[in-house]
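A.B. asks: Below: one structure in structure tokens.
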Amino acid sequence: MSKNYHIAVLPGDGIGPEVMTQALKVLNAVRNRFAMRITTSHYDVGGAAIDNHGQPLPPATVEGCEQADAVLFGSVGGPKWEHLPPDQQPERGALLPLRKRFKLFSNLRPAKLYQGLEAFCPLRADIAANGFDILCVRELTGGIYFGQPKGREGSGQYEKAFDTEVYHRFEIERIARIAFESARKRRHKVTSIDKANVLQSSILWREIVNEIATEYPDVELAHMYIDNATMQLIKDPSQFDVLLCSNLFGDILSDECAMITGSMGMLPSASLNEQGFGLYEPAGGSAPDIAGKNIANPIAQILSLALLLRYSLDADDAACAIERAINRALEEGIRTGDLARGAAAVSTDEMGDIIARYVAEGV
């Protein structure tokens, strides 16, 4: 008998609800094809929760997430709520507390250039022609964003500001294992990013990554300085499989990886804790300017579902089925407006229907 799974669904604001609808169509196709027992419950979050409950992250939403095996998150935010104090706005008041509550220490951001979308890549045509499929694994809870001491002091010419880059052994060990385990499901290569020629924290990072690598003899390990990595991503992104990054370096490189794909509407992300519980969401924003027009690209949300199946439900076959369905749709020239460039475009609903059908048919 298959295991019972439960997913907390948080559609959010802007295009969130309409792209989430498409992901749930695909989930239904997965359930039927793979005989998976998956239930869902919907909860308000972000601006929708402010409107309905007076706060961006109501207790009922937190409780619903606690009872789930994973969270499928849409997007939050919009001009309607920008007048609120920063900690009460949808982004800071919902997403950051969820990450803290569930101790989500690792962020996974795939960046793939799909066949047929090379023209959207801002790199030279000969580089784009090689394609790329990169997974950026970023540590989320340590490093310079959280290290102490930090602050400002002094005045006049002696005024100064300071931050502290701090990493503990356990933080490096656990994010390194995420990267190596991910590489085992991909092309068996990890490139660890640091600045070990200057920073003590990076020296420790490199030492510990080397130690963890001995547990994965089937995975190739390379080290690269952050400044060189930013250049190599532009020069030849196809050389990379899994990028292992600290919080700061991952923040930079994951956005660079996203940019060279040419479309934020294609980029999912996952944030995981040590127990495998995860929050899965598109990398783009709520796009309130196109909300409700049935023109948003739902692929990032659907790919976020694929990540959920792979990392939290250990259903790699189902995740691969979704990815193959998306590949087929794109190979056939099926595009939403953001990718059409003057050609005929399908609606949000139509793209969801097509991908769900391809999953059901086992393309």
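Cβ atoms here come from the backbone N, Cα and C positions, even for glycine.
Residues annotated as NAD(+) binding site in Swiss-Prot, with sequence analysis given as evidence: 78-91, 285-297. Feature annotation from Swiss-Prot assigns substrate binding site to ARG99, ARG109, ARG138, ASP227. Positions annotated as Mg(2+) binding site by Swiss-Prot: ASP227, ASP251, ASP255. Per Swiss-Prot, the feature site 'Important for catalysis' maps to TYR145, LYS195; the stated evidence is sequence analysis.
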A.B. asks: Sorry to bug you, but what's the C-alpha spacing from ARG99 (substrate binding site) to PRO86 (NAD(+) binding site), rounded to the closest Å?
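C.D. replies: It is 17 Å, counting Cα to Cα.
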A.B. asks: If you count Cβ atoms within 10 Å of each one, which of the recorded positions ARG99, ARG138, LYS195 comes out on top?
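C.D. replies: The residue with the most neighbouring Cβ atoms within 10 Å is ARG138.
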A.B. asks: What three-state secondary structure does DSSP assign to GLY78 (NAD(+) binding site)?
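C.D. replies: SS state of GLY78 (NAD(+) binding site) = coil.
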A.B. asks: About how far apart, in whole Å, are the alpha carbons (Cα) of ASP227 (substrate binding site) and LYS195 (site 'Important for catalysis')?
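C.D. replies: Rounded to a whole number, the Cα-Cα distance is 8 Å.
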A.B. asks: Among all chains shown, work out which of the binding-site residues ALA287, ALA291 has the most CB atoms within 10 A of its CB.
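C.D. replies: Per the Cβ count within 10 Å, the most buried is ALA287.
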A.B. asks: Given the recorded Mg(2+) site (ASP227, ASP251, ASP255), which additional residues of the same chain have their Cβ within 8 Å of the Cβ centre, ordered by sequence?
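C.D. replies: Not counting the recorded site residues, we get ILE226, THR230, LEU248, PHE249, GLY250, ILE252, LEU253, SER254, GLU256.
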A.B. asks: Using TYR145 (site 'Important for catalysis') as the reference point, find which of the binding-site residues GLU82, ARG109, ALA287, ALA291, ILE295 has the shortest Cα-to-Cα distance to it.
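C.D. replies: Among GLU82, ARG109, ALA287, ALA291, ILE295, ARG109.
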A.B. asks: Any idea which of the binding-site residues GLY78, PRO86, PRO90 has the thinnest Cβ neighbourhood at 10 Å?
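C.D. replies: PRO86, out of the binding-site residues GLY78, PRO86, PRO90, has the fewest neighbouring Cβ atoms within 10 Å.
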A.B. asks: Can you tell me the CA-to-CA distance separating ASP255 (Mg(2+) binding site) and PRO90 (NAD(+) binding site), as a whole number of Å?
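C.D. replies: ASP255 (Mg(2+) binding site) to PRO90 (NAD(+) binding site), Cα-Cα distance: 21 Å.
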A.B. asks: Tell me the Cβ neighbour count for ARG109 (substrate binding site), meaning other Cβ atoms within 10 Å of its Cβ, over all protein chains shown.
C.D. replies: 24
A.B. asks: So how many other Cβ atoms are close to ASP251 (Mg(2+) binding site), meaning within 10 Å of its Cβ?
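C.D. replies: Here the count is 17.
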A.B. asks: Looking at the binding-site residues listed here (GLU82, PRO90, ALA287, ILE295), whose Cα lies nearest to that of ARG109 (substrate binding site)?
C.D. replies: ALA287
A.B. asks: Relative to the Cα of ALA287 (NAD(+) binding site), which of the recorded positions ARG99, ARG138, LYS195 has the closest Cα?
C.D. replies: ARG99
A.B. asks: Do any of GLY78, GLU82, ASP251, ALA291 (binding-site residues) have a CA within 10 A of ARG138 (substrate binding site), and if so which?
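C.D. replies: Matched binding-site residues: ASP251, sequence order.
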A.B. asks: Helix, strand or coil at ARG109 (substrate binding site), per DSSP?
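C.D. replies: The three-state answer is strand.
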